[in-house]
Amino acid sequence: MEDLKPREIVQELDKYIIGQDHAKRFVAIALRNRWRRRQVPQDLRDEIAPKNIILIGPTGVGKTEISRRLAKLADVPFLKVEATKFTEVGYVGRDVESMIRDLVEVTVNMVREKEEDEVALPAMKAAEERILDILLPPRRETQPFADAEGETTLEIVTRGDSNQDSTREKLRKMLHSGKFDDRYVDLEINERNTPVVEIFSNMGMEEVGFNFKDMLGGLMPKNTKKRKVKVSEAMEILTQQEAQGLIDMEKVVKKALSRVEESGIIFLDEIDKIAVGGGKGQGPDVSREGVQRDLLPIVEGTTVNTKYGMVKTDHILFIASGAFHMTKPSDLTPELQGRFPIRVELDSLTEHDFMRILTEPKNAIMLQYQELLKTEGVELVFTQDSVAEIASIAKEVNDRTENIGARRLHTVMECLLEDILYDAPEVPEKKITIGAEMVRAKLESIKEDEDLSRYIL
């Protein structure tokens, strides 16, 4: 999906995110540039670095959602990290590299799941044979044979008997029809209970995780644990085991490392919290500047050692975000500013935006509540004037207290629908219409009392 044109990317983002057209255009261009880079001759390809982006705007306006939807749309490795995670006391530089290690871990799992999906059919067939072997064990015969020291018995497992074959096929049909789903069978499950050992080096107590299972691989003895499980669950367990045996983990890791290096996106949230405003070099500001210095090589391009191998960060796209209430982007160190050449200011949400957020996206808030109540047989209907009233109250509370953007709508909706959600299983009226009067009656008293609105809405 990375070959989508910028206009198509924006159209896809519009299905889930209201407004913020400027930000959508920039992230769409950044994604398209990835595709363009791959079309460039090899000698120049390595020289073209991604243009990292800083999204500036208050909370709840769509900064994280834009990045997350972009990654999902393009099906690329994505990781969200908080910049404040790297400001703890005793912070050392290697901790910044943990986000690359986490991204690799996420990508390996992503690629492995896709590979397992591709071998799902043969894995299911193999699992089915193993289930049938449990339900109808192969016939065992013992035959005597003579060796140098005398006569010994030889056990032969046969599966060629025609009666047994026909019984096996009958069992297979019953298995397919689900007649054995609730029957319990004894299943031996392989487990490797190997300890994870953390080694702390003398260079700033940097944490390096070594797993004996990874180091020794097949040398570690397999512990098998016998469990009594339903046939339906046994089928899932055995299918997973067979799939793991069919995929080549070396190929998975190689593909995952390549995807991280070429397509990875890291969303660095709350970068404004590590910006140094006003008096520099005092107290925690020293730590914040240190964090920026440690982030710099990762963002500009370095090689990070992970348990799967070395990863170059030169072409990973970094999208940073922050509200910048107390600080400005210019409070970041000049070197780090230079690594984020694109700055996009997101707009605060208007009352009209709130109305659209409630009804238009594919995952619209009102649609979510309607679908939830539909499971109880309750039809929930919102009139147009109720939508306008909810948007108006959310905007007013945001203006009077803390501006938390679209997240305020969830709070308002929960307060509005509290009684309906509670009484839904017993309510006799299966069609409930929410009008503006009901919204005002339910929320007006809370909205007017500033103390209550601060704590409830």
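Glycine too: its Cβ is placed from the backbone N, Cα and C atoms.
Bear in mind that the values here come from a model prediction, so they are computed numbers and not experimental data.
For Ile18, Gly60, Val61, Gly62, Lys63, Thr64, Glu65, Asp269, Glu335, Arg407, the entry in Swiss-Prot reads ATP binding site.
With all protein chains in the displayed structure included, the most crowded Cβ environment within 10 Å among the binding-site residues Ile18, Val61 is that of Val61.
Same-chain residues at least 6 positions away in sequence with a Cβ under 8 Å from that of Lys63 (ATP binding site) are, in sequence order, Ala23, Leu55, Gly57, Asp269, Ser321, Leu346.
The C-beta environment of Glu65 (ATP binding site), restricted to residues of the same chain at least 6 apart in sequence and closer than 8 Å, consists of Tyr16, Ile17.
The Cβ of Glu335 (ATP binding site) lies under 8 Å from the Cβ of Gln292, Leu296, each of which sits 6+ residues away along the same chain.
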